[in-house]
Amino acid sequence: MLIAAMGPKIPVPAYGVGTALFKKEKGEINRTIVDSVKNALAAGFIHIDCAEVYGNEEEVGVALKEANVPRSKLFITSKVMHNVDNIPEALNESLRKLGTDYLDLYLLHSPIPFYEKKIPISEGWKAMETALGTGLVHSVGVSNFRIPDLEELLKTSTITPRVNQIEFHPQVYKAAKPLVEFCQSKGIIVEGYGPLSPLVRDAQGPVAEFTKSLESKYHVSDTQILLKWAYSKGVIPITTTSKIERMKECLNFDSFTLDKADIDELGTLGVQHHKRTFMKHMDE
């Protein structure tokens, strides 16, 4: 299991309990979500990434309890979205649902709720800094923040976000590249969700086709190639699958070296065929 070099140790890759495992209705525990997280833990994932907005923190909590993995061995991330006007309450609710005394990483899920509710980003970040001081979270960061959003936050912050989590794959590289470079210049780790989007959502497109053409060259899967591409850019990949064999593939993505020419070609093809799946404001 790789560990990111900068800041608090962040296990790589992360298992994302996000839109693919979204809980659509409140009520009984969704065993499909529970079992997916348990399978991820059994396969070897120790970094679990979830969020308030997905409605499945309780399922993650059940999975953590049933898997019986020592809490000290895990790295748990969650995010606040709807309740940015009361972050302490949102944090306590996430902790309750997850059945844990602390989060390893807590993120502001998006800057958009601050604009919609006319709450200064600085106010939300101050609450995150306060949460860090309580010990209920061990590090704090943001998600889906653009360069202007980060600049606004950094004007008044006393603590730099440890992480900015964004959609990251070749087909958003045009918009993501300057943002990644900005974050890295400030010592902010970039995590990337949706790293397999070209394979899942544009399977006949040029990025997917080129990725698949590399399988025989490197003797690895297309999944591993795109995860490796993200990591080669200094981005921690966050991926999701319900298939145990695919989970093992993901955990073994760093077993080979991508040639620079192939890294560059994936980026070039992505820039030429831009396709964003989530958080459209990131292109604004």
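Every residue, even glycine, has its Cβ placed from backbone N, Cα and C.
Pulled from Swiss-Prot:
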type     : residues                                                        : note
BINDING  : D49, S143, Q165, L196, R201, T239, T240, T241, S242, K243, R246 : NADPH binding site
ACT_SITE : Y54                                                             : active site, proton donor
SITE     : K79                                                             : site 'Lowers pKa of active site Tyr'
ACT_SITE : H109                                                            : active site, proton donor
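A map of Swiss-Prot features onto the structure.
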| residue | record | Cβ contacts under 8 Å, 6 or more apart |
| --- | --- | --- |
| D49 | NADPH binding site | A14, Y15, G16, V17, G18, T77, Q165, E191, Y193, I238 |
| K79 | site 'Lowers pKa of active site Tyr' | C50, A51, E52, V53, Y106, L107, L108, H109, S143, Q165 |
| R201 | NADPH binding site | K275, T277 |
| R246 | NADPH binding site | T223 |
Do you know which of the binding-site residues Q165, T240, S242 has the most other C-beta atoms within 10 angstroms of its C-beta?
Q165
Any idea what DSSP makes of R246 (NADPH binding site), helix, strand or coil?
helix
For S242 (NADPH binding site) and Y54 (active site, proton donor), determine the Cα separation and express it in whole Å.
17
Taking only the residues the record lists as binding NADPH, namely D49, S143, Q165, L196, R201, T239, T240, T241, S242, K243, R246, what is the largest Cα to Cα distance between any two of them, in Å to the nearest whole number?
27
Between Y54 (active site, proton donor) and T240 (NADPH binding site), the C-alpha gap once rounded to whole angstrom:
14
Across all chains shown, how many C-beta atoms besides its own are within 10 angstroms of the C-beta of H109 (active site, proton donor)?
22
Count the other Cβ atoms sitting within 10 Å of the Cβ of Y54 (active site, proton donor), across every protein chain shown.
22
